[in-house]
Amino acid sequence: GVIPCGESCVFIPCISTLLGCSCKNKVCYRN
């Protein structure tokens, strides 16, 4: 929840969910 994964999730979901990232406030975060 704190580390930005450098990916947005405004129109498409996070591809980086495979790396443990999740969508928050239209940006993908890890932890």
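Using N, Cα and C of the backbone, Cβ positions are placed for all residues, glycine too.
Residues annotated as disulfide bond in Swiss-Prot, with experimental evidence given as evidence: C5-C21, C9-C23, C14-C28.
Recorded features from Swiss-Prot, shown on the structure.
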| residue | record | DSSP class |
| --- | --- | --- |
| C5 | disulfide bond | strand |
| C14 | disulfide bond | coil |
| C21 | disulfide bond | strand |
| C28 | disulfide bond | strand |
Within 10 Å of each Cβ, count the other Cβ atoms, then let me know which of the disulfide-bonded residues C23, C28 comes out lowest.
C23
Top Cα neighbour of C5 (disulfide bond) in the set of disulfide-bonded residues C14, C23, C28:
C28
I'd like the Cβ neighbour count for C9 (disulfide bond), meaning other Cβ atoms within 10 Å of its Cβ, all protein chains included.
20
What Cα-Cα separation, expressed in whole Å, is found between C28 (disulfide bond) and C9 (disulfide bond)?
6
Return the residues near C14 (disulfide bond) by Cβ distance under 8 Å, restricted to its own chain and a separation of at least 6 in sequence.
C5, E7, C21, S22, C23, C28
